[in-house]
Every structure is written in C-alpha cells, then in structure tokens.
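Input: a single structure, listed below in structure tokens.
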Amino acid sequence: MALIPTLAAIFIACTFMGSHNSVTAQLAFGFYSSTCPKAEQIVSSVVQQSVQANSRMAAILLRLHFHDCFVQGCDGSILIEGDKAEKHAFGHQGVQGFDVIETAKAQLESECRGVVSCADIVAMAARDAVALDLILPDDAEWRTGLSGSDGRRDGLTSTTSSADDMPEVTESIEQLKNKFIQKGLSVKDFVLLNAAHTIGTTACFFMTNRLYNFPDGTSDPTINPAFLPELEATCPKDGDVNVRLAADRESELKFDDSILRNIRNGFAVLESDAKLYTDAETISVVDSYVSPLNFLTGPNFGADFAESMVNMGMIDVKTGSQGQIRRVCSAFN
Ligand code: HEM
C-alpha cells in the first residue's frame, strides 16, 4: 500500500495538534531549503545506503525515532553517549541506528556547519527508511515535516532515569494507551503507531512473559492455538533470548496493514500488540482498517499511519532558543 498522504491531510493534522497536551509546534516543510538545501538529500542517501547494507535498518531507524520522541520529546536525547546517558535505559533495550545518524550528521556538518539538528536527522531518517520500503512506489511521499520556524532543536539533558516511563510490552492496555495520550496523541495514533511493527523483528527476550509466565508456566490465551507451537519453537523456554522473530508474521518486509489483521486473528507477536485487540476503543480502530468492506468505505492505512508519524514527531519539540544544534550527535556542544 502506498504511503501518499496529501499535504492537505498533513496540514489538517498539524492544525489539530493544538488540541493535544504536549504537542507544541507547527510544521514547516522544507525548513532547511535555504540554510542547507542538500539536507534532505544527504539524509536520504545515507539511509538508502545503510538499508542496502543491512535490511534490518529501516525498522531500526523507525524505532529509534519513537524512542527519541517518547523521552523528553523528539530532541535527540537518546543519541548522547555516556554511562548514565538515556540510551542505556532498560526501556531502550535493543535500540540501534546511532551510527547511521552520526554518519548523516558528519556529512551535513561538512556541507553546512551547525545548521541541521540531530533530532531532525532522526525524524528524517525514520521517514526515509519507511519510504524506502520494498512495496512503496518510487513516488511515495511522506513528509514528516520539520517543526516550527526553527526546526527541532537538540536537547541539553540525557539521563538513564528519564526513560523510566517508556511503554513496556507487559503493561496493561490502559497503561499503554495512557502513555500515548499523555504525549498528546490519540487512541487512533496509538494503534496506528504500533502498526509500525509491520516491519522489523523482536528478540525472544520480549516473548518470555507472553509464552511462559502468563502467569507462571502458562501462555497468553489470546495467542491463536495454531500460532502457539510456532512461537514456542522459535523461542523455547530457557532458550537463547537473542533469537529474533518477525513482529508481523509472514509479512515483516512489507510495510502494510497485515499487522492489524494478525492482531485481530490472534497472530500478534508482541504482547503489547495483542492487547490492541482486548479493548473496545482500540479494537474499533483496528477493525476500521481490516474490515472486509474497508476498501470501499474504510480509512486508508498508509495515509493515516503517515499522519500519526507526523503527530509523534511533534511531541515536545524544542524550538527557538531552546536546546542547541549539536556538532556531533553523541555529545552536547
Ligand atoms: C506500546 C508501545 C510499544 C511497545 C511496548 C513496543 C515494544 C517493542 C519491542 C519489545 C520491540 C522489539 C525490540 C527488540 O527486540 O530489539 C519493538 C520493535 C520495534 N518497534 Fe516497537 N513498541 C511500541 C511502539 C512502537 C512505535 C510507536 C513504533 C514506531 C512508530 C515502534 C517501532 C518498532 C519497530 C520498527 C521495531 C522493530 C525494530 C527492529 O527490527 O530492530 N514501536 N517494539
């Protein structure tokens, strides 16, 4: 399915941002067009090369943007190096892609010094990574846009404890929903953003609770009985927790709505994804995309996912004189 939201749709999304709690900025497309005209091109080409070298990278970059935005806003705080820095938080386990962002940053610094923030690079890289996905047509357009008249600026703090509140797979659907609502996102955004799991993988580490401790010795009853043996075979009890499995069974390389079908049919892999089909509000969002008549009357998954990504990319962004434009992404100036 093509991800081709119209600019009008995105404009409407931005206009409504004002009604959310923590979302503060307005979008400005082509923010770097005069100060660093090649910015978009440089990021896009670094992302393209990194995905060619490692097919997992698209999913990795998409996840990195989520983890950046959910801790003190989309401000690159997750990129900072240091023993007590945010990136080492328990809630960020398995997050990668830092080297890709740093490579893009180095090229941007030699092209136009001190102009493009690391937070914006993370946002652009996530967008470009998805737009590169196999089933997207060449002309697919997903503009996350850059925020405010100053773009996203880089944060000045990064601590492990700041990520204590990252959503976790074992939390209840109410807790998970609230974590998104507290960020100024809607229940629809919550469901659609979790549909990012249409690409990528999870480590068996995150499956232990669902398969063997639900509670003691039992598995999550929402797992389709036809799927349970497959999951248990991939992630056996006391097996290697680093083994990885697709989060969207049989469709991990396609950016499509199959994850929502899998969730509805009991083939969700992540416990948090399965919970999207245990709550009336989230069920109705899932169903709106996967009902048999969807192609006639239903909403468009690709366009709506892109809109939700725009919303996520606006969380608590720093603009104006806040923060800084880092020289390297892994350290404050
Ligand atoms: C309730 C919220 C969420 C929870 C609990 C959650 C949890 C997880 C977990 C446990 C993994 C596996 C990590 C690993 O083994 O390395 C994962 C992977 C992933 N997540 Fe989420 N996630 C959530 C929301 C999101 C959102 C909002 C996005 C993006 C918009 C996202 C994008 C991804 C992607 C693309 C992957 C695959 C990464 C890879 O293949 O390396 N997730 N998520």
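Cβ atoms here come from the backbone N, Cα and C positions, even for glycine.
Note: TrEMBL annotation is automatic and uncurated.
C74 is paired in TrEMBL with C69, the candidate among C69, C112 named as its disulfide partner. When T198, T201, T319 are compared with the Ca(2+) 2 site residues D248, D256 in TrEMBL, the one appearing in that site is T198. When you check TrEMBL, the disulphide partner of C112 from the set C36, C118 turns out to be C36. Out of C204, C329, the record in TrEMBL bonds C235 through a disulfide to C204.
The shortest Cα-Cα distance from C204 (disulfide bond) to any of the disulfide-bonded residues (C36, C69, C329) is found for C69. Ranked by CA distance from G73 (Ca(2+) 1 binding site), the recorded positions R63, C112, C235 have R63 at the top as the closest. Taking a C-beta cut-off of under 8 Å and a sequence gap of six or more, D248 (Ca(2+) 2 binding site) has these contacts in its own chain: H197, T198, I199, K254, S258, I259, N262, V269. Long-range Cβ proximity for H67 (active site, proton acceptor), meaning a same-chain Cβ under 8 A and a gap of 6 or more residues, is found for I78, G91, H92, V95, A163, M166. Compute the center of the Cβ atoms of T198, D248, D256, which mark the site for Ca(2+) 2; besides them, the chain residues with Cβ within 8 Å of that center are A195, H197, I199, S251, E252, K254, F255, D257, S258, I259, N262.
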